[in-house]
Amino acid sequence: MSDNLVNNKRLAKNTAFLYARMLLVLLVNLYITRVVLNSLGVVDYGIYNVVAGFVSMFAFMNTSMSIGIQRFYNYEKGKGNYQSQNGVYNSALTIQFLIGVVTLVLLETFGFWYINNIMVIPEDRLFATNSIFQFSVFSLFLVIMQVPYSAAIMAHERMDFYAIVSIFDALCKLGVVVAIPYISLDRLIFYGTFIALVSLIDLVCYYIYVRRNFKDLFFDFCCGKKFFQPMFSFSIWNLFDMFAFTMKGQGLNVLLNSFFGPVVNAARGVAAQIMAAIQGFSSNIVTAFRPQLVESYAQGNYQRANRLMFSMSKISYSLLFILSLPIILELDYILSLWLDGNVPEYTAVFTRLVLIDMLVNSLNTPLSQVVQAVGKLKTYQMVRSVVILLILPISWGTLKFGADPTAVFIVSVFVSVINQAVSMYLLRRVYEYSYKNYVFNVLLPCFLLTILSLPIPILVKSLIPQGGIRLSITSLLSVGICIMLFFLLMLTNGQRKEGIRLIKTKLQL
């Protein structure tokens, strides 16, 4: 009980650090998007979005390894094998370098050909497009090499340093954006150059911190041989899932570019920025919960692992919904303020559908975390990947038969719902949990939170003219109602009593 209390307090502290980080980064990124769109223009912004997005498609290998490396760090930590963590560290360094080299070769061959022969790019912007491509490739390589260090920091739950680096990264990018209107060079090339430089600074910061704070982690190629095969095997199976989600996002981006050109990519870029900013809050929950979930499973504490899975699901969904509801209701007014009236066509409808898709997927992520803790990925990842990738042929077919761009996002929501049902079934095959408990303790409360929170804000929206007053009232009502419903629907009696006690203590009542 004492250990659980200590772990819960550390979990709460790390979550607080991550939310402070996310709030600051969110505010900075919202401003950055507005300034970049106005400074670069719709076409150049669309070019940057589609090129950077295309390059990021090749990061699916890196994302898979990042999850695998952190899982092995925490699994060995949960087993008490602290010396083995250096083996994980060395295997990670070797594998990430190999992945980086392979990624560079693929991008500089197939990627270069695709950029110059397939993408719909204005002829007078080809040089700038190729420059952005090279800077994006360089940035991706740096991010790949950063993984062994960032994974070690996450596994040791040093979220305070992670938050500091993220805030520093956002402020550096803000400085680049502020400087854009004052430079005489090609603005698109200038932006890409300094974004790559920021990635280099991030890598240096992580490297220095790990070398100074984790003395038991040092380079020894022979030490890493033991973990090379199991880590690589784990990540290869995990790769199916990462590849599917990458293709879902960036594959749709390429489809939209092929059928409608870069202006529609600009609209999707804005929608993706909003989704990424909000989704980051949910990612913080996963980041904070993941180390303890893996360690609990490694220790055989399945009861705590179950509680962590359920709590992660409810908190992730609730937080995303609380943030998304005011935006969905008042999106037209928010976009006009944020982008100063320069709103690309389809931005509002894209954003609403993307947020709905995000909410559905937020329930899926905790299930995947449990499967990764167990380590039995083969069937789970292969079947889910097939389901997720169905979105591409279905979307292509709808566009080929004349559908407008919104069709692909509707298809995405539909596929995500199917994926959730499939994931629940597949998890049950490798991990003992009750469908009934999951439905009544997770899905039903999330459904009730969604339905019960809508009527009053929608009524207020229909009675008050669009403007700042309505935005303020709708937002306050939405957040207040959602928090009240979260307290009533998502928490157990014991958690509610503890919450009331903490509030009284803080307010000295």
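Using the three backbone atoms N, Cα and C, a Cβ is placed for every residue, glycine included.
Taken verbatim from TrEMBL:
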type     : residues : note
TRANSMEM : 16-33    : transmembrane segment
TRANSMEM : 45-67    : transmembrane segment
TRANSMEM : 88-115   : transmembrane segment
TRANSMEM : 127-149  : transmembrane segment
TRANSMEM : 161-183  : transmembrane segment
TRANSMEM : 189-209  : transmembrane segment
TRANSMEM : 317-339  : transmembrane segment
TRANSMEM : 407-427  : transmembrane segment
TRANSMEM : 439-460  : transmembrane segment
TRANSMEM : 472-491  : transmembrane segment
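Away from its own ends, the transmembrane segment (161-183) comes close to residues 17-18, 20-21, 24-25, 28-29, 31-32, 35-36, 39-40, 150, 153-154, 190-191, 194-195, 198, 201-202, 205-206, 209 of its chain (Cβ-Cβ under 8 Å, at least six residues beyond either end).
When Cβ-Cβ distances under 8 Å to the transmembrane segment (317-339) are tallied for each of 88-115, 127-149, 189-209, 407-427, 439-460, the top count falls to 439-460. Sequence-distant contacts of the transmembrane segment (407-427), counting only residues of its own chain at least 6 positions beyond either end whose CB sits under 8 Å from a CB of the stretch, comprise 248, 252, 255-256, 349-350, 353-354, 356-357, 360-361, 363-364, 367-368, 370-371, 379-380, 383-384, 387-388, 390-391, 394-395, 398-399, 433, 435, 438.
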